[in-house]
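Undergrad: Could you have a look at this structure, given as structure tokens, before my questions?
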Amino acid sequence: MATITTPPLAPAPAAPSRDGVGEWRAGWRVALRLARRDVRRHVGRSLLIVIMVAVPVLLLVGGNIVFSSQDLTAAERIPYAMGQTQAVATYSGGIQIPPQVEPWFGYYGQGMPKSDLATPVPGWGTDLATHAQALGALAGATAIPITEDGGYTTIGRRQIDLQVRGVDAARYSTQTQGIVRLESGRWPTSSTEAVVTKVGVFHGLPSSGTLAVTDRSGTLTTYTIVGVGEGWIAAYSLQPVDLITLPAAGALENGVAAYLIDRPTPVTWDEVKRLATYGLQVTSRQVLLNPPSREELALPDGVQSMADNAAAGQAITSAIMAIGLLLETTLLVGPAFAVSAARQRRTLALAASNGATTAQLRRTVLAQALVLGVLAALVGAVVGVLGAWAVIRWSGIYRPDTMFGPFDVPVLPVAIIVGCAVASAVIAAMIPSRGLGRLDIVAVMRGQSVSPPALVRTPIAGIVLAGLGAVGVFWAVAFTSGAERTWIDDVVPLVAMGGAIMLVIGALLLVPMVLVLAGRVARSAPVAIRMALRDAARQRGRATSTVAAILGGTALLSAILVVAASDTAYRAKTYVPQLPMGQALLIPTTQMDGSLADPRWTQNVTDIARGIDPALQVREVALVDVTRTSGAIQKPSGPNGDTIVPFFVAVRTGCTPAKALDMGAPKDANSPPDTSCLSLNGMGMGDARSAILVGTVAQLVQTYTLDAAAEATLRAGGLVVSGDKAVTPTWTKFPEGGWGASGPILGQVDIVDGRVSIARGTATYGSESGPTLSNVTTLSLAATPVPAATLNATDAGVPGPAFHGMTMVGALMTVETAKSLSLPTQTIETRIFDPRGPLSAEAGAALSQSFADSNLGWFYVERGFQPYDTVLAAIVLSFIGLIILVATLVSTALSTAETQSMMGTFAAVGATRSTRRNLAAAQAGSLGVIGALLGTLVGFVPGIALARSFTRYPTESVAYGEYTQGAPALLDPTVVIPWLQLAIPVIAVPALAALLAWLAIRKAPTVTRRLT
């Protein structure tokens, strides 16, 4: 018998070693290859996602490039500030100043001037030539004077404000390259020649011939235009000029004089510090390109952090905008990726049945998002760069007054934006990819795939997060900081942002539960609505993404609408008319730039008004201003020079003219201001009921409804003054220095025996001493008191005529009295009114256009309270409504494409096109309504919180009123819910989406007869 022996089994081979990193890399390589193939296969869906991601990217990238090209760096400013020389210097007036690296930013040593007197510059002299000679000797260089000045010219009735650069470019053509540039003609060689710039031509100046210019001192000069070029002033922003002349001697009094330091060797930081002891602020090319270390700068506490924060400002802003881009894009493209994942369920189920892991399935979805995100971000960035280049190019040709430097692409902000765009696409795909972990392979292969049962803990977590977020938002908005800053002040912004994020996340976690409840409630609804809501409840992944997109846009819109409606109601409730109804005023541009007014200004205004309607009347409003004439103020000419200023002040009982002039300035760091001598002054625009307004007797009586006694006083050459006593303010010393008052500082007038004592003369201010008065004469004028509300009706919160601007009226004086006392006056505005009634809308529009064309000033017509611009509101509503509509239609279109097989089944059992249309419309409309309702509720939280915060404080007009005790009490908050406007996202937009979805179902689905 044979024996069968069993050979020994061979030992099992050792398991191959696993290469985790290699498998991960190979898995992603395959997923990315499949994603690229899927993107090419479904061009329409891919293009839609790319557009939704790329559009905000190109806007943010283009905006950053435009900003960076306009916001020049220190190195880019060098040629505009100092040409081709080594440095530029300005003189501080005899006081030592801290040395600076960059004069255009306050954090590099800029601060209050030192109290130490500067070392006198040997041979400084009194004019530009001697200044330049002395500075050249001190710095071992050639000093080239350059000036900045302003003025105006009148062409016809149009007044054109001018910026003038003074430089001897004919003599120093090489050194001044960059500051100015000649395009045609030649440089000026005499004080009556000028080069007009392209900006000047754009503003309306002639390119040849002559031009009469009035400078800030009131001197009229007729220039012969000898060329066309370009010129700039490098201040905090780069400003193009209108004219280029030789250096103007008047700039020492009314402008800015600087000196280019031209020598072969650079100006070092040690030299900058040395020259600062002479009162010279020096900006060096060498120091800008190679700034000193922080130890060498020795900046004060907190100043360096300001520098760091300012340097990182654009990156921080870009990061904030990029986070907003991430949220917006994630919500918008979420439905597209959800539907894409749903369309691939069968393919992914087949892969899972063949052993594909959950991680590999998720990579398939995430790879598509990565490919589309990178493609969209790159396309948006490239288009943004090209668009910014086109905008800058167009501005240089058609808007030369818009200044741009070299084309600058900021790498860090652009990288942040592109990175967040890619991340937003990936995050949007993560939600549907997470659902693949619970993929039911059998159900998917049978075509019965539905979302897994909702977890009970999900809505509970949503309610908790939403509640905590709402509490955090309300607390952050209602928080009031104390006198001293604490750590809580730093936490408040974080709590506000965290609360808003928690509120939105909590609402999103509630969406699945809401969809399930909606499906159950719709049992008795019409067939189309019932099927649409049941489908949304089954396919919660796709529906949740759609609702989330709509929720985000609606929440933003509802918050904006609540704040806008509440603010409008609050402003309407507290509105105080600035003029009698239907009257108008015009404030000259000279009130804003500090220059002297054109003597023909009032006549030009009158001619324009009478040309539009001969019945219109023009009333000039002027103030007494003894400083407002040419040469009235004499500035110092050297380190120890004096400033001489004329004055005209009312003197209170127990006060001196010098005390009345110091405006209550503190004597030392521990002494609060003393405003007890604050009273009237005839020195132009001031504050505290100090202005003396001038007009004819008839005008003053009619405007301020004066009684017979006040009228008699005016006719007799006296004053009508504010007779109210001012409340003594309570002063609080701030920890960082300085004092704060409990309310407005209001001056008052003492009337003794029916008269007011007034002093006039000149005050001489030395470099380190208070004013020395000379040529002092005392006047005694008759005075009649009236309530302050009579002279400042609007500012006191009482309806009626009022004076405008930053000054409160303290007294009235007639034109005749001002002339008899030889008091110069300053025109501050004109009143335009129609004696037949309110100014018509047509006349107001014609006046506004004519004054704008002539550049005569700022025009205003009193029409009562006006809500927000309806055009702006319509744009905001339309933009956010468009986002909601797009999100709804995208989801509906994709879900309709996915349900084509189901539509075929419907058609096979007899469903008509109307039934299929109704189903598509119900899907779009129901999801739109659910998302809009949830978003509206979410938006109510920040909207109501912000509305309560904004409407607690008195308006500016009330704040200037009469205070009885301390600061005004807080008002009751005004909260308005604009139900009609909210109906747009809740009803109108879903209805429009449903209509478009209904119309989109046109052809019958393809049905194949089954052969038996």
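Each residue, glycine too, has its Cβ placed from N, Cα and C.
The region 'Disordered' annotation in TrEMBL covers 1-20. Taken from TrEMBL, the feature transmembrane segment applies to 46-67, 315-339, 369-392, 412-433, 454-477, 497-522, 543-565, 871-894, 924-947, 979-1001. Taken from TrEMBL, the feature domain 'ABC3 transporter permease C-terminal' applies to 320-438, 875-1004.
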Undergrad: By Cβ distance under 8 Å, which residues at least 6 away from the ends of the transmembrane segment (497-522) in the same chain are close to it?
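TA: Non-local partners: 451, 454, 458-459, 461-473, 475-476, 529-530, 533-534, 536-538, 540, 543-544, 547-548, 551-552, 555, 926, 930, 934-935, 937-938, 941-942.
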Undergrad: Spell out yes or no: are there three or more C-beta pairs under 8 angstroms between the transmembrane segment (543-565) and the transmembrane segment (979-1001), with each pair 6 or more apart in sequence?
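TA: Yes, since the transmembrane segment (543-565) and the transmembrane segment (979-1001) share at least 3 Cβ pairs closer than 8 Å, they count as touching.
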Undergrad: Can you work out which residues elsewhere in the same chain, 6+ from the ends of the transmembrane segment (924-947), have a Cβ less than 8 Å from its Cβ atoms?
TA: 466, 469-470, 473-474, 477-478, 500, 503-504, 507, 510-511, 514-515, 518, 529, 532-533, 536, 543, 546-563, 566-567, 884, 887-889, 891-892, 973-977, 982, 985-987, 989-991, 993-994, 996-997
Undergrad: Counting Cβ pairs closer than 8 Å, which of 46-67, 454-477, 979-1001 has the most of them with the transmembrane segment (412-433)?
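TA: Stretch with the highest Cβ contact count: 46-67.
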Undergrad: Should anything in the same chain at least six residues away from the transmembrane segment (454-477) have a Cβ under 8 Å from its Cβ atoms, list it; otherwise answer none.
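TA: Residues 492-493, 495-496, 498-510, 512-513, 516, 540, 938, 941-942, 945-946, 948-949.
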Undergrad: The domain 'ABC3 transporter permease C-terminal' (320-438): mean pLDDT?
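TA: Across the residues of the domain 'ABC3 transporter permease C-terminal' (320-438) the model's pLDDT averages 76 on the 0 to 100 scale.
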Undergrad: The transmembrane segment (979-1001): which same-chain residues, six or more beyond its ends, come within Cβ distance under 8 Å?
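TA: That would be 553-554, 557-558, 561, 565, 877, 880-881, 884-885, 888-889, 892-893, 896, 913, 916-918, 920-929, 932-933, 935-936.
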